Every structure is written in structure tokens, then in C-alpha cells.
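Taken straight from TrEMBL:
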COMPBIAS  1-15  compositional bias 'Basic and acidic residues'
REGION    1-43  region 'Disordered'
COMPBIAS  17-28  compositional bias 'Low complexity'
DOMAIN    92-394  domain 'AAA+ ATPase'
BINDING   T104, G105, K106, T107, A108, Y393, R405  ATP binding site
REGION    181-251  region 'Disordered'
COMPBIAS  198-239  compositional bias 'Low complexity'
DOMAIN    488-570  domain 'Cdc6 C-terminal'
Amino acid sequence: MSDDNTERTAPDKVDVGSTDGFSTDLGGTDFGDDLGEDEPKQGLFDDLLSGEPIFENKEVLRPSYTPHELPHRSDQINKMATILVAALRGETPSNILIYGKTGTGKTASAKFVSKELESTSQKYSVPCDVEYINCEVTDTQYRVLAQLANKFIEKNKDRIDDRIDSLRDLLEELDDYDAERDAGVETNRSGGDDADLFDSSSEGLGGSDDPNTSISSGEFETSSSGDSTGETEGSTGDPPADRSADPADEAAFATDETLEDARGGDGAADHPLASTPFDSRVEVEERIDSLQEDRDSFEEVPMTGWPTDRVYNVFFDAVDYDERVVVIMLDEIDKLVEKSGDDTLYNLSRMNSELENSRVSIIGISNDLKFTDFLDPRVKSSLGEEEIVFPPYDANQLRDILEHRSEVAFKGGALSEDVIPLCAAFAAQEHGDARRALDLLRTAGELAERSQAETIVEEHVRQAQDKIELDRVVEVVRTLPTQSKLVLFAIILLEKNGVHSINTGEVFNIYKRLCEEIDADVLTQRRVTDLISELDMLGIVNAVVVSKGRYGRTKEISLSVPLEETEAVLLSDSRLSDIDDVQPFVQARFEN
């Protein structure tokens, strides 16, 4: 073996006769070409990584990011805080309904206040839990209750584990204390000193109210299961009757006199059990066993398969296991009511009348100011105790928000001066949507980065606007009901074949033929007219009512979105993709 550490990665040949440990006969094969192929090449991503990145932290431009400061929302945040501060006093906060259009800062503000609430509750050792549910995703009573139940089961298990760890630490302290005491007793015996003060073992010393001890009695407070009362027998100086009745127990437990003397003596505060509700090691061990039984009793809820009332009972028990104030945040609450009715809200709003240890408050967040019109009056009354409205941002406010985020999101000099004003102007047209403004700025940055530009300019913003609009159209069209897709497909077929003055009758005529082709139910012409109006509201078509004199009124319809992209989305639907030849359907407009 040579002394140097030179690599053997590219020799012309391997010397099989050397003493470097290669004993296999390689037959003098030349590996030069093969090894040369393993040298680093310019890879697929190397060119993309070679440019200077524009972003410093792209995540601050995403909707999921909760900033440390929310410009122009201090009034709404302060109002939420004044309502929720009751939780820090151990009281039940009023329920809150938050209204506002998309991108007005509702969710970000509510999450910001919730984080502050939880951090402050930890600061003052006030038990308070906040749970967030997105009802656009979790949109049934079963799913909401199951998700909440499992979250609180997880929290309960974590707290039980912490308590068990604290109790086991206490047992270790008892072991150390007993070992030191036994060593002291042995020394005193040899020296003739009296060591009777702690002659009873650690199993016989009761609690103390000394606040200066290192172990807080709060670590050992009992749960709602009621397995331990906290102030156990003998903790006030009176020993249990069965202990004092048997003289043989004097070796394990203190007498009335020695227990009182120990608590009042100089060494009492140093005893591991002095500031706890436990009188003995046995009680600590029993408490550990009880907590372990509680932990094992929690059963997580599957996402399907249980009766809803069973799921509710598991959720109820999980919430009520500990003393705490619970704030449940239901984002897009109108989606939950729209799909599943108000049963979930009814159950949550009446919980406090049955809970023994916990208190529950609800924060509902909605884009729809009128969704409460569909609620049961009792639910509406209890849920809408406090209402907070978030108005749309104006262009100047959007500029402030974008400038605040861009300081963290981009490297210095990455933005030209006209980028943020243009993003703010586009978003202000979209009902003051801050989310749209942030998406525009992020997408413009991504487009600039992909083109390896060093600076984001106005053209990148305009490209981002077109891209986002197309993405929105694709998503809206993809999620349309089948009947709406058929109506839209009829409009596309007419416009694609040169018909520029499309009326409701022509759309209905082709719509009927499409329904027959895929064996779908044919709606009435009045209902098809309603579907056209819905497409108009979504911005997919433009429908204008025109008068035809004595022939009445009709709608003239034109497409408001890119034709080819929209048609491709429609044809990705398995039912519509079965239509092979569409030309006869267009010709059908001339048959009548």
C-alpha cells in the first residue's frame, strides 16, 4: 500500500500485480475510456442553476404564509383579540363570524391572532388550544368531527406522556433522596448522631405548600378521569387509618408526630414529595398507571365507517379530558353548511352546556355574507354573537402589502419600479384581492427566473396575469357540472364554426343533440338559460339580453375565455370525449 492518498479513479490500467489489494485477474483490460465517461458532465439542471436567483424566500408570497405583521388590518385584529382575551382568563370567548371577499386577509388575520393567543397562553400557563379546519376540504360533519377528535386525542396523548415523564423523574428523585438519606443514617449511626427525622422512608412524607421547591405541583394535577383527587389522604398531616392502625407500618410510614415535624422542619422542603399532592411512592406509581390507562383508552377515529354520533362522542370526550379553553376555527364555513347543513354547527354550539372541564368557542370564516340565512335560528343566534367584516383592499393598501412582502421575498434590486404598482392595480380590479396580488408578484418572479432575467419587469407581470387567468379558467371549467359543460360546449362549437351572433335558441338546439349523443338528461330551455347566466357570472361567457321586437327578448352570447384551451379542458371529461364528430351538431342549427 502506498503512503500517499492519491485517488485511483482514472489510471490508464489497473496493475493486477501490485500489492494494493487487487488480487483479481482483470486480464489487462483498459478501463480508460469507461472511467472517462464517469467524469462530471453539464447536467440537465446545471444551466438552470447557473443564473443568479431572484428570490430570497418565495414562501412569503404564498397564501399559506402567515406574516408577522398585517398592514391595514389592525382594527379587525384588535377586535378579535378583545373577544378572545377571555380565553386567557379561563372564560369562554364569544363565537365570532368573520366575513369578507376572497383575499381580504380574513384567514391570515385569524391565524395571526390564534398564534398570539396560544403563545400568550403558554406564557401565563393558561391551557388554551386553537384548531384550524378548512371546510372547503373537510366538508362533512363526519370529517370535521373526526379531524378534530384525532387532533385532540394526539394533544391528550402528548400531555399524558409529559406528565408520565415528570412522574418518572420524580421517582428517580425519590431514589436519589432515599440513597442520600440512607447514607446519612449509616454515618450518623457510626457517629452516634440521631437521624430519626426522616426515619420513615420517602413513602411516608406528605405534601407541602412551600412555593420555593423545584417541582411544581401543577405537573401532577389530575385529569378529568378522576383517578386521583390531588389532595390525597394524609396530605394535611392526618395519616390514613390503615397505616396508623398497624405498628408494623411504622417502618414504611411516618406517625402523626413525625409527619408534622418533618413538614415543619428545616429539611421538609428538600423532600421530592414536599410540593406534590402525593404522600408516597405508591401513589406516584398508581398515578402513572392511571395515566397510562387513560392514554391507552383513546381510540383514533377512522375517516369513514363509524356512526356520526360515535364520532361526536369520541370528540367530546377528547376535548373534555383536560381543563382548557378550545377555539375551533372553521374556514370557508359556508361550504360546510352548503354541503352538509348546519348539524355540525348545532352540535358544536351546544357543547358548552354539557362540557365539565373545557369550554369551546367557534370562529367561522366566510366569503358569503348571506350564508347565515340558511341556518337554524338557534344556530344563527349562538354562532353570530360577534361579527367582523373585512373590506376589500384598495390599490394603495395592496402596494403596501406587496412592498412589505417583497422586502423578504426577493434579493436586492430584483424588482423594477413599475412591478409592484402594476400588480396592485391588477389585483384592485379583482375586488381588492391581496391573494391575487401576491400570486401575480410570485408568478412574475418565476417567469423572470425561468427566462434567466436578472430583474422582474412590467412584461413579466403582464405574462403572469395572462397565465393566472388561464389557470383560473381551466380550474373553473374543469369543476363545472356536466350540464353546464354541455351548454358551454355548445357555445364553443357555434363560435368555432364562425357563428358570432349566438342566441339562446341556437345554444339549446345544439345542447339537445349533445345530450342525446352522450345519453344525458335534456333540461328545459329556461333552465339552459339559467346555466348560461351562471357561466356569465363566472366570467366564462358574455351574455347580453337584446330585444327582438315582437319576437321577444333573447341573449346574445360570446365566449370570454380562450377557445382552444377551454375546449381541451371540456374534452378531458370522459363523457364529452366520447363525442367523435361534432360537425352535425353545428349543422343542426339550420334545420329549424
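Glycine too: its Cβ is placed from the backbone N, Cα and C atoms.
Positions of the features from TrEMBL, shown on the structure.
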residue: T104; record: ATP binding site; Cβ contacts under 8 Å, 6 or more apart: F390, P391, P392, Y393, G432, D433, A434
residue: G105; record: ATP binding site; Cβ contacts under 8 Å, 6 or more apart: L70, H72, R73, Q76, F390, Y393, A434
residue: K106; record: ATP binding site; Cβ contacts under 8 Å, 6 or more apart: I98, Y99, G100, I365, F390
residue: T107; record: ATP binding site; Cβ contacts under 8 Å, 6 or more apart: P63, D331, I365
residue: A108; record: ATP binding site; Cβ contacts under 8 Å, 6 or more apart: T66, P67, L70, R73
residue: R405; record: ATP binding site; Cβ contacts under 8 Å, 6 or more apart: V60, L61, P67, L438, L441
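Classification of T107 (ATP binding site) by DSSP places it within a helix.
Counting residues per DSSP class in helix, strand and coil order gives 48 helix, 16 strand, 19 coil for the domain 'Cdc6 C-terminal' (488-570). Maximum C-alpha to C-alpha distance over the listed ATP-binding residues T104, G105, K106, T107, A108, Y393, R405 is 17 Å. When Cβ atoms from all protein chains are considered, those within 10 Å of Y393 (ATP binding site) total 26, not counting its own. In the three-state DSSP scheme, R405 (ATP binding site) is classed as helix.
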